[in-house]
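Novice: Quick one: the structure is below, and I'll ask about it shortly.
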Amino acid sequence: MERITVTLGERSYPITIAAGLFNDPASFLPLKAGDQAMLVTNETLAPLYLDKIRHLLEQAGVNVDSVILPDGEQYKSLAVLETVFTALLQKPHGRDTTLLALGGGVVGDLTGFAAASYQRGVRFIQIPTTLLSQVDSSVGGKTAVNHPLGKNMIGAFYQPASVVVDLDCLNTLPQRELASGLAEVIKYGIILDGEFFSWLEDNMDALLNLDGKALAYCIRRCCELKAEVVAADERETGLRALLNLGHTFGHAIEAEMGYGNWLHGEAVAAGMVMAARTSERLGQFKQEETQRIITLLERAGLPVTGPREMSSHAYLPHMMRDKKVLAGEMRLVLPLAIGKSEVRGGVPHDVVLGAIADCQQA
């Protein structure tokens, strides 16, 4: 069992990583006998895990209700958020309830925002079931829903009480979802840890084959890196923005193509190549390092070009609505070397458009 702490003073919390955590009620601390909880999941995961976790917690004396959401990025919306509030109010659940987010990034982000908002804030626990949510979205307290004009535009910073990562969940994860998560894994190597990137080059086959030892190390390392960044910059005023490598381009793809048509990790993968090409055009990133990124993404089964039907100019309106925009100026996360990156403003639009075009034609 691996345990990492996200250090935020009185709001610090553990990330527990192991196989078989869904068999032990202690995994879900600080829940205890007599507590009330609302388990939020989706229609894909409910048949796999809902009854098991509910029975486990009820055996431990926790009173558990549940709400089952439709599955897909297009349901990360205010309308679906309202169904969670309705379920909480119908019982009713008070301020002493705990929300349990059992699912991937959509369930985790939406449930976290519900917890931040319901009666001005209730406790919640992240139970991520996808690789992407285990290494990224469940850690750090970013919660949100989408708006038709932009991804994650309505949300709050709100930290969970704990994060429970059961490695067994990955055994039921579709290959496309596994690859999507690997995009965020590769991102950590590019922006923060060149040695980890090299490890990924050596161990990608093991990860794709769900080797338990490789997965445990990979998830632990990603969570360590994320925890360090969040502890230093919880509200994304500086360092934490580096975690958005590829996301400014990627969010444009998701919004333009319709949420759910490109998985988040797929869009981020293409976006990271666009960021690398931008950095190349600025003379601060080597072409051979871009090729290393492309090769690793392709080995993971990820796209390295944008959608053919999306022109370069279609990206800019979405990118100008990005949350990193300041005083009307686009700011991009750009790699400087494998393991080192920066946030840079003032990149000429023609450079950005050229980099996107490079990726469309690759």
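Keep in mind that glycine also has a Cβ here, set from the backbone N, Cα and C atoms.
Fair warning: this is a prediction, and the values are worked out from it, not measured in the lab.
Relevant sequence annotations retrieved from Swiss-Prot are reproduced here:
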BINDING   71-76, 105-109, 129-130, LYS142, LYS151, 169-172  NAD(+) binding site
BINDING   GLU184, HIS247, HIS264  Zn(2+) binding site
Novice: Does DSSP give ASP71 (NAD(+) binding site) helix, strand or coil?
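Specialist: Where ASP71 (NAD(+) binding site) sits, the three-state DSSP reduction gives coil.
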Novice: Per DSSP, to which secondary structure element type does HIS264 (Zn(2+) binding site) belong, with helix, strand and coil as the options?
Specialist: helix
Novice: Let me know how many other Cβ atoms fall within 10 Å of the Cβ of GLN74 (NAD(+) binding site).
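Specialist: I get 14 for this one.
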Novice: Return the count of C-beta atoms lying within 10 angstroms of the C-beta of CYS169 (NAD(+) binding site), excluding that atom itself.
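Specialist: Here the count is 24.
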Novice: Going by C-alpha distance, which of the binding-site residues GLN74, GLY105, CYS169, THR172 is nearest to GLU184 (Zn(2+) binding site)?
Specialist: GLY105
Novice: Does DSSP put THR130 (NAD(+) binding site) in a helix, in a strand, or in coil?
Specialist: coil
Novice: How big is the Cα-to-Cα gap, in Å, between CYS169 (NAD(+) binding site) and HIS247 (Zn(2+) binding site)?
Specialist: 26
Novice: Since the record lists GLY105, GLY108 as binding-site residues, which of them has the fewest other Cβ atoms within 10 Å of its Cβ?
Specialist: GLY105
